[in-house]
Amino acid sequence: MDLEQWKQQILEWLHNVPPIHLYAAAAVIVFTTVLLISTRLFTRAKSNTVLLTGLTGAGKTVLFYQLRDGSVHQGTVTSMEPNHSTFVLHSEATEKRKVRPVRVVDMPGHSRLRTKLDDYLPQAAAIVFVVDAVDFLSNCRPASEYLYDILTKGSVVKKKIPLLILCNKSDKVTAHSKEFICKQMGKEIDKLRESRSAISSADIANEFTLGVPGEPFSFNQCHNKVSVQDASGLTGEISQLEQFIREHVKP
Ligand SMILES: Nc1nc2c(ncn2[C@@H]2O[C@H](COP(=O)(O)OP(=O)(O)OP(=O)(O)O)[C@@H](O)[C@H]2O)c(=O)[nH]1
Ligand SMILES: [Mg+2]
C-alpha cells in the first residue's frame, strides 16, 4: 500500500467516525497538553539549599570549607554574616557522572545574628544543627533553646524540613557520644516545653508546640524528621553529613 492509499483510507475512516467522537478526542488532546505545560511551569525544581546552624563555636564554618574544599580554612573567626556558596561536594568532585551542586549556607551562631535564619528557612531543603560535642555540658541549655526555637517555627514545621543534629569535634577523646547528647537535649527540651507553655500566650513567640502532651519528649515526636550523627570538621570525617545532604538534595 503506498502513501496515497494510506491517506485515502484514513480520510475514509475519519469520515465514518461520528463528529462527536472527533471533538471529544480533540478536547482530550488539548486538555492534556495544557495540563502538561502548566505543571511544568508551576512545579519549581526542588530546593538544593542546606543550612548549617548552631551555637557560636560549634564548628559550622570549618564544616562548610570541609564540604566545599575538603580542607580546613586557615584561622576561622566568629562569623558575622551568612557564608554561602553553591558547589559540588568536594568528595564528589572526581565522579564521572554529572552531580547536582548543593547550596550550603553557614549561618553565624551569635545570638544577635540569628534572626537572619528566617530569611533562609523558606528556601531550605534540609537543616544541620551543629553541636560542639566537647564543650557540650555548658552549652546544653542554650543549644537546646535554639533548637527548640527552630523546631517550633512555622516555616520549618509546615514544610517538614528534615533536621540533622550533628555532634561535631568527635576527633577529641573528651567528646560526648551522640546518644548522650540526644538524651540530654531531649530532657532540656522537655523542661522548655513546660516553662514556655506556662508563659502567657501573648509572650509566646513559638508558633508550634513540640511533642505529645503528658508524655516525655523524644525527637521522634517532632513534626519533621530529626536524626543525629557524629562528625569531625577538623579531620574531615564528614561522610554522615554528606550522606544526609545527598538524601535531601538528590544528586
Ligand atoms: N577539635 C575540633 N575542633 C574543631 C572542629 N571543628 C571546629 N573546631 C574548632 O572550633 C572553633 C570554632 O569553629 P568555627 O567553624 O569557626 O565555628 P562556627 O560554628 O562557625 O562559629 P560562629 O561562626 O561563631 O557561629 C575553631 O577554633 C575550630 O578550629 C572539630 O571537628 N574538632
Ligand atoms: Mg562561623
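Even glycines carry a Cβ here, placed using N, Cα and C.
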Residue from Gly109, Gly236 that TrEMBL also lists as binding GTP with Gly54, Leu55, Thr56, Gly57, Ala58, Gly59, Lys60, Thr61, Asn168, Lys169, Ser170, Asp171: Gly109
C-alpha spacing of Thr61 (Mg(2+) binding site) relative to Gly54 (GTP binding site), in angstrom: 11
Close-lying binding-site residues around ligand 2 among Gly54, Ala58, Lys60, Thr61, Asp171, where CB distance stays under 6 Å: Lys60, Thr61
Cβ atoms near Ala58 (GTP binding site) (within 10 Å, other residues, all chains): 26
DSSP three-state assignment (helix, strand or coil) for Gly54 (GTP binding site): strand
